[in-house]
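Heads up, the thing below is written out as structure tokens.
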């Protein structure tokens with residue numbers, strides 16, 4: 001796994017600085033309230049990702065209601081799914097300023113509003129705005145905090161915790177599909193969306209459960225990590241060392257800013273005390289001024305952290321391995337989505353519809369996907385296993401299945417390949433863990449926002465691109481081959497950069513020896 005000196009708070013050159021004082025960990029890390037965070041994230045995945053995977057039910061209703069082309073109508077679902085992920089970097093700004101809890105609560109209200117307004121849609125274009133954009137942004141504002149909070153509350157069992165929480169996607173796909181079918185049959189699609197909007201307000205409850213950890217608890221978590229991951233951190237810490245050499249992750253500017261903020265607040269408080277004998281109106285004005293001052297300082301601090309993560313000297317893009325991770329994410333997600341979109345057509349071409357009706361291949365992917373997330377999470381948390389190696393092996397398995405799927409024309413063979421696709425795609429639960437190892441807990445929100453943004457671009461354009469290839473060739477084979485080859489390119493980037501990172505410290509030590 002990747003970890004940096006800044007992330008783990010450990011100086012590799014001086015072992016005496018670590019362990020001098022025993023640190024009493026917060027009981028809520030890896031236990032206690034941490035499991036409530038997992039439960040909250042699990043419900044978020046059911047209500048958001050599960051609902052989006054069940055939009056095929058509503059898509060058929062929209063086709064009958066508005067009589068538009070399949071391509072135009074399908075963009076409603078694509079916009080909702082894509083925007084949920086693409087807005088990740090901007091949601092990172094909200095988290096930096098407001099915290100995960102408030103961001104998730106606002107997102108829950110916005111998501112519910114999008115569902116309710118869509119019940120009054122008069123055209124597909126109306127749905128683009130209400131459901132695609134409004135509900136999509138609201139979903140993104142809840143989804144990213146749900147992932148980030150699990151990463152903050154867990155140290156030893158991070159992979160398992162993320163795996164358990166993300167299984168809500170698979171459960172939600174089944175539950176929400178059945179629920180929407182029932183609601184549409186009993187009340188019509190408009191009332192079904194209105195009811196679903198009311199159900200989505202439970203996202204606000206999930207957000208309220210996201211109790212933030214104190215900065216002291218986060219720093220203790222980082223020190224605890226240093227004691228268990230120091231050997232792995234030595235191997236691949238050069239990229240984040242480069243960031244620190246530019247003054248990126250240093251704590252001095254933050255401390256100076258906090259000192260200045262405290263001075264402003266003390267001044268406001270002194271003024272308030274001095275004017276206590278004045279009128280009540282002046283007291284109210286001073287309190288208001290103090291509140292505005294605190295809010296302004298919080299916003300400035302959050303924006304400064306967000307800006308430096310993306311555009312400043314502390315940019316996450318100076319981490320080469322992280323950049324390779326982004327390139328991988330641009331190609332990876334579409335390779336998982338394309339089989340869901342085009343498998344029914346492939347089954348129809350091979351005259352396997354009868355067997356597929358008994359047990360659909362897409363259901364096999366969804367069911368095994370649930371177990372894959374949990375099992376890969378358990379394996380990754382073993383002391384002797386590297387999360388990074390498990391992540392790469394799962395990717396290799398998935399890309400192999402994508403490339404071989406068009407070659408198989410029997411139901412049993414397709415079922416086996418789909419089961420492997422479902423299991424290996426369980427690496428999605430490891431993505432937050434790998435991201436945190438690369439950039440640290442402090443920058444997890446901004447970094448993972450970039451990753452899911454890349455996934456969103458992949459999900460938004462991948463399936464239409466596969467359909468365009470089919471229109472040209474009249475075969476789905478090339479869609480899988482091209483998606484698999486692009487996916488392989490992303491994996492190669494992940495393999496090349498760690499090798500470069502290992503070589504650079506050695507070259508530096510050789511130059512110092514010559515001097």
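Cβ atoms are placed via backbone N, Cα and C, with glycine included.
Here's what TrEMBL has on this protein:
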type: TRANSMEM; residues: 33-55; note: transmembrane segment
type: DOMAIN; residues: 37-502; note: domain 'Major facilitator superfamily (MFS) profile'
type: TRANSMEM; residues: 75-95; note: transmembrane segment
type: TRANSMEM; residues: 102-120; note: transmembrane segment
type: TRANSMEM; residues: 126-148; note: transmembrane segment
type: COMPBIAS; residues: 220-232; note: compositional bias 'Basic and acidic residues'
type: REGION; residues: 220-239; note: region 'Disordered'
type: REGION; residues: 246-266; note: region 'Disordered'
type: TRANSMEM; residues: 321-343; note: transmembrane segment
type: TRANSMEM; residues: 358-376; note: transmembrane segment
type: TRANSMEM; residues: 388-408; note: transmembrane segment
type: TRANSMEM; residues: 414-435; note: transmembrane segment
type: TRANSMEM; residues: 447-466; note: transmembrane segment
type: TRANSMEM; residues: 478-496; note: transmembrane segment
Over the domain 'Major facilitator superfamily (MFS) profile' (37-502), work out the mean pLDDT and round it to an integer.
78
Stretch in 126-148, 388-408, 414-435, 447-466, 478-496 most in contact with the transmembrane segment (102-120), if contact is a CB pair under 8 A:
126-148
Short question: which residues 6 or more past the ends of the transmembrane segment (33-55) have a Cβ under 8 Å from it?
76-77, 80-81, 84, 104, 111, 139, 142-143, 146-147, 149-150, 153-154, 161, 164-177, 179-180, 196, 199-200, 202-203, 206-207, 209-211, 340, 366
What else in the chain is close to the transmembrane segment (447-466), if you only count residues 6 or more beyond its ends and a Cβ gap under 8 Å?
71, 78-79, 81-92, 143-144, 147-148, 151, 309-310, 316, 322, 325-327, 329-335, 337-338, 341-342, 431-432, 435-436, 438-439, 476, 479, 483
